[in-house]
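Residues annotated as domain 'CN hydrolase' in TrEMBL: 15-282. TrEMBL lists Glu55 with the feature active site, proton acceptor. Among the features that TrEMBL reports, active site, proton donor is placed at Lys155. Residues or ranges marked as active site, nucleophile in TrEMBL: Cys188.
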Amino acid sequence: YVAAVYEHESILSPAPAVPVERRAALELMGRNLDIYEQQVQAAARQGAQIIVFPEDGIHGFNFTRSSIYPYLDFIPHSHSGKWNPCREPYLYNDTEVVQRLSCMALQNKIFLVANLGSKQPCERWEPRCPPDGRFQFNTNVALGADGALLATYRKHNLYFESAFDTPAQPDHALFDTPFAGRFGMFTCFDILFYEPAVSLIRQYNLKQIVYPTAWMNQLPLLSAVEFQQAFSTAFNVNILAANIHHPTLGMTGSGIYTPVKSFIYHNMESYGGKLIVAEIPVITADYKTNLEKTPGRVSEKGEGKEQSPPSFYAEMMYDNFTFVPLWGEKGELQVCANSLCCYLNYQKAVLTDELYALGVFDGLHTVHGTYYVQACALVKCGGLSFSTCGQEVTDATALIDFQLWGNMSTPYIFPLLLTSGITLDFADHMGWKNNHYFLSKNRTSAGLLTAALYGRWYEKD
């Protein structure tokens, strides 16, 4: 099927904390919706059957709970497909934004997924009803090619979003299409948690995901395209991921991902939006990825191994990693922390004076969110001293053949393979063998930035 995602540079309110009238809010959002409309038309001309827009793309961000109120639409939270906002605009008040989106879908005969703010009145005596008498949700809508509202999803894992409420129960949002079967839907920070992302995929055996996001890149392990690809590979799903484009805030990185190929956009240099259109295969439930293949020889630990170089500590992504440096053109390394041991066999195909290190972290990550991580990571350091390992690096020249493995305690492993210029590569082999998870690659297509096993141990959050 042919899919489209649009990385949007939103027109933002100059003073988001200052309350405005609904009319002014609609005027600002209308300017973003004008751009959306052009992109829907462009995507439809290229044969796209579905288009996905980013999180916060229509209204922007940095609001307070009260200042976002005029920007919120009323959206009935049902999975009925019974309401067509374009054809029945008078059914509910304050639905101008969803009406416009519905009409774009209808006029261009395209499925459309967008993110907006929604409101739902509640009685103050109801449990969890906020003092102002309403719930405010960070909401995705999926609209059919006839304009009908097919599904809504209210973001569960909020990322410092004081303007919004968390729904009482995680939404499991699904919608069906004639061209690729069933899609699931979640938003941004949700991708790092079991609910609803993992439980949704497992419960419904989903193979297609739509994913609006407003992701601030964090190297070396959590840049947008890197993690989106890893998620696609780990769960054997196609992901249509639309990010916001604000390079000054570190926000870029969208793509259309399959487990074996991706079409990505990552651009920190220039401004303006970017439409990606790609034709991808529908994954059927029995489609096997290279996760099934068994990797090559695993060296038995301690078999005639030279002494490992000294280990050192350095901070990476706000976590205290234990590292060992890669000295020499080839070697076998191991480094452990808590219950996790990481192993690396490597050979540098091109010798450079860059410093690389193998790092391990097994613990609770507590900055910008709390979640338990088990990570084995081969990274390029920022400079030549140990203290630069874990820094954000975007360019590298070394080509390294490697096999990386670890005795991970969780089945949820995201294989990261990031190359120079924030480009992606695919492993030759990966998967489980002898209770260890492997990732191996000969000759990356560009200099190696990160090769990592990023494990999420959800039960220990």
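Every residue, even glycine, has its Cβ placed from backbone N, Cα and C.
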What does the structure give for the C-alpha distance between Lys155 (active site, proton donor) and the residue listed as 'active site, nucleophile'? Integer Å is fine. 8
Tell me, how many other CB atoms lie within 10 A of the CB of the residue listed as 'active site, proton acceptor', whichever protein chain they belong to? 26
Sort out the sequence-distant neighbours of the residue listed as 'active site, nucleophile' for me: same chain, 6+ apart, CB within less than 8 Å of its CB, listed by position. Glu55, Lys155, Asn157, Tyr159, Tyr211, Pro212, Thr213, Ala214, Trp215
Quick one: give me the count of other CB atoms within 10 A of the CB of the residue listed as 'active site, proton donor'. 26
Please work out the mean pLDDT for the residues of the domain 'CN hydrolase' (15-282). 97
